Amino acid sequence: MELGGAAGALGPSGPLLVCLCFGTLAAQAADTCPEVKLVGLEGSDKLSILRGCPGLPGAPGLKGETGAAGLKGERGLPGVPGKAGPAGPKGSTGAQGEKGARGEKGESGQLHSCATGPRTCTELLTRGHFLSGWHTIYLPDCRPLTVLCDMDTDGGGWTVFQRRKDGSVDFFRTWTAYKQGFGSQLGEFWLGNDNIHALTAQGTSELRVDLMDFEGNHRFAKYQSFRMADEAEKYKLVLGAFVEGNAGDSLTDHGNHFFSTKDRDNDESPSNCAAQFQGAWWYHSCHSSNLNGRYLRGPHTSYANGINWKSWGRYNYSYKVSEMKLRLT
C-alpha cells in the first residue's frame, strides 16, 4: 500500500500516526529511543520532541595553527649549589701596587737594650727596682737572661743562681743539664754553669749562701769573692776568703776544684763522688758541703747524700731551703 493512500484512509490524524510509526521503528533499530512528549493533540495537533538520540561522532577536524608564544614566567628559586670544580690555572702576577705610607717607629731592638739595659741585679737596684723577683739582665755578649733578684737580703742586689725549697725538682742530673740550667721560676732551679760563668766574668762578685732547717732556723755563710771558670776549665770554683756567717765555712775546701756530675767525674777520689753522694758539686774527695744533693727533709740515716753543710748539721741533716747568690762588688 502506498503511504499516501494509507494516510488518507486514516483520516485527519493519519499523517501524525504515520510519523509515530516511523519513529517507533527507528527507536527499535537503535539501543535508545528519543524521549517524546505529545503536546496539544486534541487542540493544535502539534508534537514536541524534547531530546533525540545522539548521532555518531564526526570525523576529527584539521589541526589548528600554532598559537602565539605566551608571556615569560617569573625567575625560579636558585638550585642547590653544585660541587666545586677543579682549580683553574694560576693567574699572572698583577702590577706592582703603590708604595704604602711610612709605618710607626718600632720598639728598640736587642742591641739597643743591651747597650742601655742592666747587667746585674745590683744595677737594677741602683735604677730603682726595689722589689725582689724575676728580671731581665744582659750578659756581656748581649744575651738577655731572666734571673731572680733578691732585693731584700743584706742590702739587696743579689742574683740567685741556686734555690732548693720543696724537693719539686730533681738535682741529680747530667753534665749537660747543669751546663744549660734547669728548674722552675716558681720553685727550685739551677741557673746554668755557662750563665754563672758569664755573670762572674764581669768583675769581682761576692758569694752568699742562705740555709733554713725544718724548724725555721736561718743561717748563712758569706765569701769575699766567687768565680766559676768556663767549660774548658771544667767550671772550676775560684773562691775568696770566708768573711762571716753563723752557718760556718763548709765551702773553702772545695775551692780550686772542678765541677763533677754523675756522668762526668772530675774529682780526686777513686770513686765518682757525684754518683756516690747523688748530687753535682765541686767535689774533691769527697765533700764538706753538698747543696745539690737529695732533698731528704731533715735528719736522714743515709750518709752525706742530702742537702748537707758540714759545719751546721754535719752529714745527716738535709736542709729545707738552700739559696746560693752572687753580687757584683
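Every residue gets a Cβ built from N, Cα and C, even glycine.
Cross-referencing CYS114, CYS121, CYS149 with Swiss-Prot gives CYS114 as the cysteine bonded to CYS142, criterion being a recorded disulfide. Listed recorded positions near SER271 (Ca(2+) binding site): CYS286 (candidates CYS114, CYS121, CYS142, CYS286, ASN316; Cα-Cα distance within 10 Å).
In this structure, ASP265 is the one among the binding-site residues ASP265, ASP267 with the smallest number of other Cβ atoms inside 10 Å of its Cβ. Using a 10 angstroms CA-CA radius around CYS286 (disulfide bond), the binding-site residues that qualify from ASP265, ASP267, SER269 are ASP267, SER269. Between the recorded positions SER269, SER271, ASN316, the minimum number of other C-beta atoms within 10 Å of a residue's C-beta occurs at SER271. In this structure the C-alpha atoms belonging to SER269 (Ca(2+) binding site) and CYS142 (disulfide bond) are separated by 39 Å. Reduced to three states, the DSSP call for CYS121 (disulfide bond) is helix.
Listed disulfide-bonded residues: CYS114, CYS121, CYS142, CYS149, CYS286. The one with the lowest count of other Cβ atoms within 10 Å of its Cβ is CYS142.
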